[in-house]
Amino acid sequence: MVKEQNYILVLDQGTTSTRAVLFDRQGKMVGWAQKEISQIYPKPGWVEHNAVEIWATAAGVIGEVLARTGTRTGEVAAIGITNQRETTVVWNRRTGKPVHNAIVWQCRRTAPLCEELKKSGMEQEFRQRTGLVLDAYFSGTKIAWILDNVPGAREEAEAGNLLFGTVDSWLLWKLTGGTVHATDYSNASRTLIYNIHQKQWDKKLLQYLNIPIQMLPEVKPSAGIFGLTQREAFYGEELPIAGIAGDQQAALFGQACFEPGMAKNTYGTGCFMLMNTGQEAVQSESGLLTTIAWGVDGKITYALEGSIFIAGAAVQWLRDGLKLIDSAIDSEYFAGKVEDTDGVYVVPAFAGLGTPYWDMYARGAVFGLTRGTTKEHFIRATLHSLAYQTKDVLGAMEKDSRINLKALRVDGGAVANNLLMQFQADILGTAVERPEIIETTSVGAAYLAGLAVGFWGQTDIVNNWRREKIFKPQMTPERRKNLYRGWQKAVRRTMGWAAETE
Ligand SMILES: Nc1ncnc2c1ncn2[C@@H]1O[C@H](COP(=O)(O)OP(=O)(O)O)[C@@H](O)[C@H]1O
Ligand SMILES: O=P(O)(O)OC[C@H](O)CO
């Protein structure tokens with residue numbers, strides 16, 4: 001009997017949770033399952049995940065989504081993987097066990113190493129070759145840290161016994177029963193050791209960071225067959241893993257931003273704005289990153305990126321740290337009870353500041369408190385901080401690309417918040433477009449996998465994108481200017497904080 005393969009299955013491994021999502025031919029989500037993952041904070045500024053737990057949640061959500069929707073594995077045409085980027089896993093190729101917890105993209109432990117490299121005058125070289133800045137955010141210095149700090153790791157790595165991977169590689173390795181060690185262009189371009197122009201691991205940078213090349217994965221196109229699931233690990237089926245991309249690049253793909261100049265902003269744990277720059281790797285002069293969006297059909301597409309480390313995570317902090325709200329959705333209710341923030345600014349620089357400031361030592365602060373400040377003002381100011389940070393990034397993006405965006409496509413968990421989206425349009429002075437599918441990260445990975453196995457064509461993807469709501473700017477230019485000036489003043493005062501106090 002011929003099997004009907006009606007679905008694409010996506011594994012979306014994010015900073016806070018792992019999701020499995022099933023898509024049909026119309027690009028519609030027919031089912032999903034999600035599990036949170038533990039956040040480990042061994043020291044201030046340090047963030048880790050347990051890679052074994054990541055795999056366990058991935059296996060768990062796959063089983064759950066199939067069971068919930070009554071889908072047999074034989075009905076799945078292909079699997080796509082999309083992932084939190086930069087997060088670094090090093091494991092033993094024989095035992096399959098990680099040698100250390102995964103070091104998360106937000107982790108600042110390698111700031112001193114980045115400082116040292118900068119002092120040795122290497123910053124420009126890293127920037128030119130990788131498109132990135134020398135910051136603790138990226139994988140390269142995290143790998144070096146593991147090799148330098150886990151007893152015996154360096155010797156094992158040199159002997160070819162250890163493998164490095166971003167989370168996509170780790171999941172691919174597990175799904176294929178330890179037979180495939182690979183990644184895609186978009187993930188490789190976030191490691192600080194991949195030359196985005198020559199499209200290969202950069203031997204010189206590997207030397208600077210003292211990383212043995214034999215531990216690195218093979219880099220492949222984002223849409224293409226990476227390997228087959230091992231029968232024992234996958235309900236007796238050999239399914240192709242046919243698409244991989246870092247979550248922010250997947251979202252750009254899912255938003256159908258296929259033309260140069262098209263951009264999206266994703267509001268998850270952090271906020272990431274990417275603009276398609278076509279086949280040209282544009283060097284930024286304003287603190288943006290140059291990165292690979294994807295490799296599809298033998299062509300590499302580049303993007304400019306603005307990275308904000310703390311966005312939805314600030315709302316989680318209101319919920320879990322300060323216990324001011326019971327759930328993220330309540331932030332809109334409380335913020336809506338006041339007209340404005342009454343002059344309060346929250347700068348959530350909990351993990352330093354990314355684009356355009358790149359200050360590893362900035363730390364969070366609240367300004368403008370008075371006796372009249374209420375919980376509602378505080379919550380509203382926290383929501384506004386997502387929009388202000390986005391304005392900082394869009395300013396840099398428009399300057400570098402010389403394109404004034406007519407509208408910004410948005411997605412991610414926090415765009416469900418209408419108050420935030422309206423303020424975003426107001427403070428940008430640019431329309432904000434929310435699509436029907438805000439799970440664009442997963443849908444992007446599904447499209448990549450589906451393209452590779454002929455499940456979809458590119459025109460299907462463009463036709464599937466539909467706007468659900470547009471938020472138009474309503475604020476006067478004068479008020480916009482005054483509010484933004486206050487934000488810039490607040491940001492300046494958070495900069496360098498940890499360096500001064502440590
Ligand atoms: N209604 C809301 N208002 C503001 N923030 C929200 C809302 N809903 C979710 N969030 C925030 O969005 C984030 C979840 O978005 P998601 O795209 O799932 O993130 P990630 O992929 O980074 O885990 C959380 O940080 C949460 O605090
Ligand atoms: O897991 P997210 O959605 O917060 O995305 C994390 C980014 O990929 C980090 O670069």
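In case you wondered, yes, glycine gets a Cβ from its N, Cα and C as well.
Here TrEMBL flags Thr15, Thr16, Ser17, Thr269, Gly312, Gln316, Gly413 as ATP binding site. Neighbour count (other Cβ atoms within 10 Å of the Cβ, all protein chains): 23 for Gly312 (ATP binding site).
Residues near Thr15 (ATP binding site) in space but far in sequence (CB under 8 A, at least 6 apart, same chain), listed by position: Gln84, Thr87, Val104, Trp105, Gln106, Gly268, Thr269, Gly270, Ala313. Residues or ranges marked as sn-glycerol 3-phosphate binding site in TrEMBL: Thr15, Arg85, Glu86, Tyr137, Asp247.
Per TrEMBL, ADP binding site is recorded for Thr15, Arg19, Thr269, Gly312, Gly413, Asn417.
The glycerol binding site annotation in TrEMBL covers Arg85, Glu86, Tyr137, Asp247, Gln248. Proximity of Tyr137 (sn-glycerol 3-phosphate binding site) to non-local residues of its own chain (separation of 6 or more, Cβ distance below 8 Å) is seen for Glu86, Trp105, Gln106, Ser307, Phe309, Gly354, given in sequence order.
The domain 'Carbohydrate kinase FGGY N-terminal' annotation in TrEMBL covers 7-254.
Residues annotated as domain 'Carbohydrate kinase FGGY C-terminal' in TrEMBL: 264-452. Mean predicted confidence for the domain 'Carbohydrate kinase FGGY C-terminal' (264-452): the pLDDT average there is 93.
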Cα separation, Asp247 (sn-glycerol 3-phosphate binding site) to Thr16 (ATP binding site) (Å, whole number): 13
Which of Thr269, Gln316, Asn417, all binding-site residues, has a Cβ with the fewest other Cβ atoms inside 10 Å: Gln316
Spatial neighbours of Arg85 (sn-glycerol 3-phosphate binding site) among the binding-site residues Ser17, Arg19, Gly312, Gln316, Gly413, Asn417 [C-alpha, 10 Å]: none
Alpha-carbon spacing, Gly413 (ATP binding site) to Arg19 (ADP binding site), which is rounded to whole Å: 13
Three-state secondary structure, which DSSP defines for Asp247 (sn-glycerol 3-phosphate binding site): helix
Additional residues surrounding sn-glycerol 3-phosphate, by Cβ distance to the Thr15, Arg85, Glu86, Tyr137, Asp247 centre under 8 Å: Asn83, Gln84, Thr87, Val104, Trp105, Arg190, Gly246, Gln248, Gly270
Thr16, Ser17, Gln248 as binding-site residues, winner by CB count within 10 A: Gln248
Spatial neighbour of Gln248 (glycerol binding site) that is closest, considering only the binding-site residues Ser17, Gln316, Asn417 and their CA atoms: Ser17
